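Colleague: One structure coming up, written as structure tokens, with questions to follow.
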Amino acid sequence: MNDINTKESLPYKRVLLKVSGEALMGKGSFGVDPEMVEMVAADIAHVAENGVQVCLVVGGGNIFRGVAAATKGMDRAQGDYAGMLATVINALMLQNALERRDVGTRVMSAIHMASIAEPYIRRRAVRHMEKGRVVIFAAGTGNPFFTTDTAAALRASEMECDALFKGTQVDGVYSADPRTNPDAKRYNELSYTEVLTRDLRVMDATAISLSRENALPIIVFNMHAPGAFSAVIRGEGAFTKIVES
Ligand code: UDP
């Protein structure tokens, strides 16, 4: 991994990284791969140690998704609450991995669970970041019928982040699925409106709309390589930037 530049020369002061549940799953098809958690934590630690204020929204799709449970007859809202609890498990795993690297962290949950996480209080979250702590936002928005992508757009807007980094399994947004279509073309830059009108499905429409309303740039990149987040923060490697046209 290359050394990252100092805070002064980096284009970002405060960023939000959305870590999907799938990113923590590694090559498995369910749950958490401890090696992946270590890899992601090392990458986040590297960025935070070099002066960028970092907050995270973690997904839960590696453990439970309300929509999937609803197709099998479960009440959707109840399933979504279970999904939000899944994000808390992932948040605690990431917190543990970061703290073993001496990175100060706080987990803030949108659903009150005072024994394991602080309640989400916007001004307190800002203060944590100003003190150099990585804030991990758990339990999504705290509401069923939303996703953690929307939680990421919401928290990034509230925290006045310079950008939302969306770590995925592919290195940006493509015109078609690059895993099945060899002619798929990767976009370097897209507007929010293009993402919505072409139904590019990189994030759900609520998350894209919220980002558009708040002029929050979204950077989509592949998180499945060591140092991927550090590289994209420096503007290196492949990624797609979603901004206003
Ligand atoms: N969820 C929710 N409200 C939120 C965020 C998440 O109800 O604000 C639930 C929903 O059931 C979702 C699950 O939590 O399926 C896990 O989140 P998500 O699917 O966004 O995780 P990811 O795809 O990033 O792993």
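Numbers run from 1 along the shown chain.
Positions of Cβ are set from backbone N, Cα and C atoms, glycine also.
Where the annotation comes from TrEMBL, it is an automatic prediction and has not been curated.
Marked as domain 'Aspartate/glutamate/uridylate kinase' by TrEMBL: 13-222. Per TrEMBL, ATP binding site is recorded for LYS18, VAL19, SER20, GLY21, GLY61, ARG65, THR168, GLN169, TYR174, ASP177. If you look up TrEMBL, you'll see GLY60, ASP80, THR141, GLY142, ASN143, PRO144, PHE145, PHE146, THR147, THR148 marked as UMP binding site.
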Colleague: Other than GLY60, ASP80, THR141, GLY142, ASN143, PRO144, PHE145, PHE146, THR147, THR148 themselves, what residues in this chain have Cβ atoms within 8 Å of the centroid of the UMP site's Cβ atoms?
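Modeller: Residues close to the UMP site, other than GLY60, ASP80, THR141, GLY142, ASN143, PRO144, PHE145, PHE146, THR147, THR148: GLY66, GLY83, MET84, GLY140, THR150, ALA151.
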Colleague: Nearest to TYR174 (ATP binding site) in three-dimensional space, by Cα, is which of the binding-site residues GLY60, THR141, ASN143, PHE145, THR147?
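Modeller: Result: the closest of the binding-site residues to TYR174 (ATP binding site) is THR147.
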Colleague: Around GLY60 (UMP binding site), how many other C-beta atoms are within 10 angstroms of its C-beta?
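Modeller: Excluding its own Cβ, GLY60 (UMP binding site) sees 27 Cβ atoms within 10 Å.
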Colleague: Which ones, of the binding-site residues GLY60, THR141, ASN143, PHE145, have a Cα no more than 10 Å from the Cα of SER20 (ATP binding site)?
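Modeller: Qualifying among GLY60, THR141, ASN143, PHE145: GLY60.
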Colleague: Within 10 angstroms of the C-beta of PHE145 (UMP binding site), what count of other C-beta atoms is obtained when all protein chains are considered?
Modeller: 12
Colleague: Of the binding-site residues LYS18, GLY60, THR168, TYR174, which ones put their CB under 6 Å from ligand 1?
Modeller: GLY60
Colleague: Please classify the secondary structure at GLY60 (UMP binding site) using three-state DSSP.
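Modeller: GLY60 (UMP binding site) sits in coil per DSSP, no helix or strand.
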Colleague: For TYR174 (ATP binding site), what is the secondary structure state per DSSP, taken as helix, strand or coil?
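Modeller: It is in a strand.
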Colleague: Do you know offhand how many angstrom separate THR141 (UMP binding site) and GLY61 (ATP binding site) by C-alpha?
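Modeller: Here the two Cα atoms are 15 Å apart.
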Colleague: Taking the Cα atoms as reference points, how far is GLY61 (ATP binding site) from THR147 (UMP binding site) in Å?
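Modeller: About 10 Å separate the Cα atoms of these two residues.
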Colleague: The record names LYS18, VAL19, SER20, GLY21, GLY61, ARG65, THR168, GLN169, TYR174, ASP177 as the residues that bind ATP; what is their largest Cα to Cα distance in Å?
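Modeller: In whole numbers, the farthest two Cα atoms are 25 Å apart.
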Colleague: Whole-number Å only: compute the distance from the Cα of LYS18 (ATP binding site) to the Cα of ASN143 (UMP binding site).
Modeller: 18
Colleague: If you run the three-state DSSP split on PHE145 (UMP binding site), which class comes out?
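Modeller: In the DSSP reduction, PHE145 (UMP binding site) maps to coil.
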